[in-house]
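Below: one structure, written as structure tokens.
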Amino acid sequence: MGTHLFAIVVSLAVSVRESSYDPLRGGDGTDSANSTTAIFVSSGSRGPDAVSNGPVMWLRFTSDYIISSSGFILWAVSVPSQSSLDFNCTFEDGLCGWTQSTDDDSNWTLDSGGTPSSDTGPSIDKTIGSTIGTYCYYEATGRSEGDRAVLVSPVVARDIGRSPSNFCFSFWYSMYGLSMGTLNVYGVPINGSIDDGEVVFTRSGQQTTSSRTWLFQSICLSGPAPRFKVAFEAVRGSGYTSDIAIDDLVASVFSSVTVLFWDSTTIFPPVGGISHIVEGEDQSFLCQVVDLQQGASFRWTVDYQEVTPDRSSSLRDNSGLYTSTSVLTLPVITSARHGKVVQCHAQPTNQYPLSTVATIYVKVPPKQSNLSLYDSDGILGVSVSVVEGAPKAFFCTVKLTRPAATIQWLLNEANQMTDTPPSGGSDGLMDTTSSWTLVPSRANHGQRVKCVASTPESESPLPSVTVTLDVEGPPDTPSITGSQEMTENELAQLVCQADLGYPNDWGLVWSTGGLPAQGSLTTAVTTSGNRFKFTSTLNFQPARTNNGDMITCSVARGSLTQGLTETFGPINVKYPPYFSDLETPRTVSEGDDVMFTCRADANPKPARFITWEKVGSPNTLSSVYSNGSSSLALLNISREQAGRYRCRGDNGVPPVVYSSQINVTVRFKPRPPMDILIQQGGLTSDSLTIAWTPTNDGGEEQWFYVNHRELESTADFDPATRSIRLYNVSMFTVVGLHPDTAYEVEVYAENANGVSGAVKTVGTTKRSSLAHLGYIAGMSVEALILLLSIITNLVLCWKWRITTKQEKQQRASESRRAKTGASPRVVEVTEDYEIMSIPMRTIQAKTAAVAESTYDNIAESQVTISRDQLTFVRELRQGAFRKLLLAKAEGIELPGVATPVVVKTTQDENDPSEKESLMQELMSMKALTSHANIARLLGYCVDKDPVYVIVENVAHGTLKELLTEYADQSEQVYDNLGGAANIPLTPRTLLSMAKDVAEGMAFLASNTCLHKDLESCNVFVGEEMVCKLLDFGYAKDVAHLRKHQHQNQGLVPLRWMALESVLDDVYTTKSDVWSFGILLWEMITLGARPYPALNAKKVVTKVKSGYRMPHPSHCHVQLYQLMLECWAKNPEARPTFATVSETLEGLMGKANEYIAFESYQAHLFKTAVSGGSDYEKI
């Protein structure tokens, strides 16, 4: 029989949890832990004596479980070669027959448990499956990338007398670690190195995701050399987590009989292979052995657990040889089967067993449930909002696939990107993520972004996730439609449209001159395909200041304005003429040449749109027009040309506008008196009376002279006999004449321009009568003295009245002459008295003395009254700081009489600063002396809150109310405006009222007081149209209160405040002067609202830049100049109130020349009269 080698094979009789049927080694009888493998040599006999030279055999079990009493099966397999079984090694007893190579950089080492390096290497061995078992490994720590360690097997020899056969062996390996290197297995010539060998197995990179996982590999070498070695090479990776371990090396015997093994798609090599299966499908395996003398039996294991095959059979062919086949079907493969080993064990009759293996590779294609589409904010829904032009990143993740999935991006089903995973990698379940960035355009709105995941095994329909794009973006650049031709104060409509915006919260914003346009805005949104169209209508009422402006319509969203803007214009605003730089009233002498010019701003300015006319005449006067101005020349002016002149402006834009009137006075000498007649009833022996009829006075005040001379005298009229100036008389008695004498009497008129011709007549005194003389002689001396005394007193009284009136008229005349430069002849009254030999008497006018009573002289008991005495009627008004109430006070002036009074109190009785301010004001009033233009303090209540300050009631309410009432009547009667007071509002009255306010303010300023709120609604009008002030306080207190009010409430009388008060909270008497200038403008315009066409913001901006309210056309330039002085930017340049009062008093003498109500154009101020609130936010 020859010498044979036998491998002893032990099979447990029961199923236990161990890795495989472990070929056991024979021991040498001295130490069961000895790792030397014995070769059992047979001498050809059977039984215990058949093995010669064999040591006692020790059996070692690798199972931790107790073996049942059924024991185990032991059999020997003939090994037809001289190979050494030192190849097999579990490393529990050392390296067996394996040795370290000297052609490498490091060594393989035995270890148990985990390796020294963390996050790499196994944590248990494969043989025992615990931390006490031993394995062989390569330690990467301390090595460099690419370092090698080589472990070489004992020599493997085969029987060269047999036909070529295969050598198969198997092993377990662990490659866990992120920086894993490479494991190579070589077949090496007997005298060569691995460089001379052939790589029969290689793995690179991390192969497992756990340190407790071992991978199995079986290798068969087809037709090897008679003698060779097997070598394991470990190559270090990029880092220390590159430990590689091997365990349980098992060599199969040489055999010429092979096992054929395949599945439904793959025929495996003799050493086994990998079976690729798609999760959820069935997989069948076939195991077959051919050319057998007798049939073989089969045994199957899956994951080392025995399973029952579907069928096994042996068929004999014509040659008498058998083919044995076994089929195993695994139904509905799950991912849990991945990496499991399917083994087919074939046992031919009377031969050694054969086996082959296949490792299950479960392919897991993507599932819809494991696919997600998201962005930086999270999982996406049905749609997602993106911003036009802004890059948008999308992310798609598919989980738990094997291998890694390919992700495809589509936009509206058009492929955009395919993201293919890299080759290689782990064979575990993979999560794959892909990103794709889109820069959205408007065309992408409504399109669908789709993410599709697949592996080669995927079937249609492929799993996918879709999201619809909502592209947010502005509409197109807007367009404006409408006419650029507009008319002042007439509604113009412009329409702005912008298309294709998204979403519907875009808006269109109008502006003109850089500021938001004032007008009614209506925005409409309509659909335009799958986006929106925006329409905005601007109802714009242009002012003349808007002429030439550019109107813009801008796309906006929220408070942010985009760069999409359409500009419209410049607009052409047509407006009627506005006259400025008007001529002042003119007084000329007859025969002078006079030139008048008026200028007007208008749009358009057609040729000769300005004409001149004389008021009351239907004819147009000849004038010269040039570029917005017209000049009228009155050459060699005559007295008939005196009157009122004005310009008429008509540029085709209603209404026709007239300038203020220029009153032209033509001075000339008076005409001689008419109808001179000697009054016969006035003739006596020593006097005669002459009467006449005055004629044209030459436009000036005239007076008369009467002179006489004896008719028979050849001398001229003697100036010494001329009468005094005779004003407003048409009869005069000449006394001291001779009886029965003819006298020539002349009468002539005189004015500031000269003397008229004299008109003469003749009269004769009566004769002297003796009877009459006797009667006179018989009178008593006392009676004559009495009579003379009475006559003298009567004459003196009459003379005094006449003289007083004449002096008043003379002063007015001299004032006019002072302006014209005339130098009339003046005859003093005293001279006439002396000539008449009438004794002079000084008559002293007596005036009532004004009481010097002061508020602080009133006893406390006299002004403190009980609240029970007050009965409130109604609220008069609320100012910026005070509330004024109309009340009746019982017994405040007369016992038992209820007197109407005004009660001042705080707006908020819980505000301590307001109460403090009112108390300061009360103390101010008590400390002041009385003044005609300051409301009288009558009493107060300070015992508890609220504080009441009681002042006199004024008869006619506020100045604002009166002005408004007069303005309502202004279009009907110009020269006799009458309000609630039933008192005509003449220019003189208006200036007198302004002077009242100025004097009251001058009085306050002299006592270091400021006014809180100087405007027409805070000025009260009493009897005889006397204006009085109610609210004021000390400068330091008012400034403090104003600042408090400014900071806390924000509502202030902005339009009346001085520039420094608005900008810097500075309040002085000079800032009150500014407010007075605004008040004066209010009065001249009959209560118009200051800056009527400007909002609060524009008021501050324009006044700061130097803008001042324009000149009212019916106001003399000298009066307007006073307003401008009050509005000087430098407070120190403004006049004092005393100066303002003096100026106004100087204008009152010719008030009609400074305010021409007949030229008052009410329509220019109607908007101002209606007005808005006087209190606004800065």
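Each residue, glycine too, has its Cβ placed from N, Cα and C.
What TrEMBL annotates here:
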- 1-21: signal peptide (SIGNAL)
- 87-249: domain 'MAM' (DOMAIN)
- 107-126: region 'Disordered' (REGION)
- 111-123: compositional bias 'Low complexity' (COMPBIAS)
- 269-355: domain 'Ig-like' (DOMAIN)
- 366-454: domain 'Ig-like' (DOMAIN)
- 463-565: domain 'Ig-like' (DOMAIN)
- 577-663: domain 'Ig-like' (DOMAIN)
- 672-771: domain 'Fibronectin type-III' (DOMAIN)
- 870-1155: domain 'Protein kinase' (DOMAIN)
Against the domain 'Protein kinase' (870-1155), which of these stretches has the most C-beta pairs under 8 Å: 269-355, 366-454, 463-565, 577-663, 672-771?
577-663
Which bits of the chain, at least 6 residues beyond where the compositional bias 'Low complexity' (111-123) starts or stops, bring a Cβ under 8 A of a Cβ in it?
131-137, 139-141, 174, 176-180, 211-212, 214, 240-245
What does the DSSP secondary structure composition of the domain 'Ig-like' (463-565) look like, as residue counts for helix, strand and coil?
3 helix, 68 strand, 32 coil
Are there 3 or more C-beta pairs under 8 Å linking the domain 'Fibronectin type-III' (672-771) with the domain 'Ig-like' (463-565), counting only pairs at least 6 apart in sequence?
no
Calculate the per-residue pLDDT averaged over the domain 'Ig-like' (269-355) and state the result as an integer.
89
Please count the residues of the domain 'Ig-like' (269-355) that DSSP assigns to helix (H, G, I), strand (E, B) and coil.
3 helix, 51 strand, 33 coil
From the DSSP assignment alone, can you count helix, strand and coil residues within the domain 'Ig-like' (577-663)?
3 helix, 45 strand, 39 coil
